[in-house]
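Visitor: First, the structure itself, so that you have it in front of you.
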């Protein structure tokens, strides 16, 4: 299995995509809203992807909930992470967060999708890129909700990806559009943003981590996604993380400071990423495949889903029906809360 995760253009594979998926450096594929028409079409697309590749790929999606939910029609409307904090009863909030993790994972596994890149572990809501995707502005409250969500995902048979290490929540800039700079002292980042990562790693609840395309100026001139200081010295050595490290999408403007697409890919792997994402730019992806040093990433097989869900049986189950009803209601209440200002 190779270390590159790519995307495809539409509802089904074209001839060029079938050839690209056979490339030995390709190990994963991420799906977007443009790949989704309905559940039957999505299941067929995943079947085509599986058939086209020589080795089983890691098939991924961003199905966090709220504004980052690629598949909507026919799937449960998942609430924003921040909405759990608006529930007055702590036990109810914890149960709903766990239900959300389980239901999201079960619905994706029923499509033969291995992972959703979740949960978001950034602290606070000031960042344009994060906002309501964050569970809470208080690290301990965010930790409680994230742990519940993670346990739900694991109970369904899906691995977790904590993002965006060491924390994207304090910068207002959007790394999709520019390279944000976090000028805070390292001590503040450690005691505020990194607490949730440190605790979840210590509890062995994170299977993968995705670093931020953010420059932390007190630590390194490179974004964390291309920084051996953050990925090796801090994440691997200090925190003892032994899971998978993904880059965020290298087509984002936050990664452009690392050079051409090929240079971004090589820099991220050299810094310590196990798999790099190159999306929304076919020419850039081909450049990465043409220029990247040959490398295997067979450790990524640990990310395959271990659950089994038939879609019709899942949706007929009392657990799904109860969770679907409660989470849909929470989404609607949160929307009403926002509309009132």
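Note that Cβ sites are derived from N, Cα and C of the backbone, with glycine treated the same way.
Summarising the annotation, Swiss-Prot assigns substrate binding site to 62, 70, 133, 163, 164 and lists sequence analysis as the type of evidence. Positions annotated as site 'Important for catalytic activity' by Swiss-Prot, on the basis of sequence analysis: 174. As annotated by Swiss-Prot, active site, proton donor/acceptor applies to 176. Sequence annotations record features per position, and here Swiss-Prot assigns active site, nucleophile to 248 based on sequence analysis.
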Visitor: Which whole-number value in Å describes the distance between the Cα atoms of residue 62 (substrate binding site) and the residue listed as 'active site, proton donor/acceptor'?
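Guide: That separation, Cα to Cα, works out to 15 Å.
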Visitor: For residue 164 (substrate binding site), what is the tally of other C-beta atoms lying within 10 angstroms of its C-beta?
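Guide: Neighbour count, Cβ to Cβ under the 10 Å cut-off: 27.
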Visitor: What residue among the binding-site residues 70, 163 has the most other CB atoms lying within 10 A of its CB?
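Guide: Answer returned by the neighbour count: 163.
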Visitor: Using Cα coordinates, what distance in whole Å links residue 248 (active site, nucleophile) and residue 164 (substrate binding site)?
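Guide: Spelling it out, the Cα of residue 248 (active site, nucleophile) and the Cα of residue 164 (substrate binding site) are 8 Å apart.
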Visitor: With the cut-off set at 10 Å between Cβ atoms, which of these recorded positions ends up with the most neighbours? Options: 62, 248.
Guide: 248
Visitor: Please report the number of other Cβ atoms within 10 Å of the Cβ of residue 176 (active site, proton donor/acceptor).
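Guide: There are 14 such Cβ atoms around residue 176 (active site, proton donor/acceptor).
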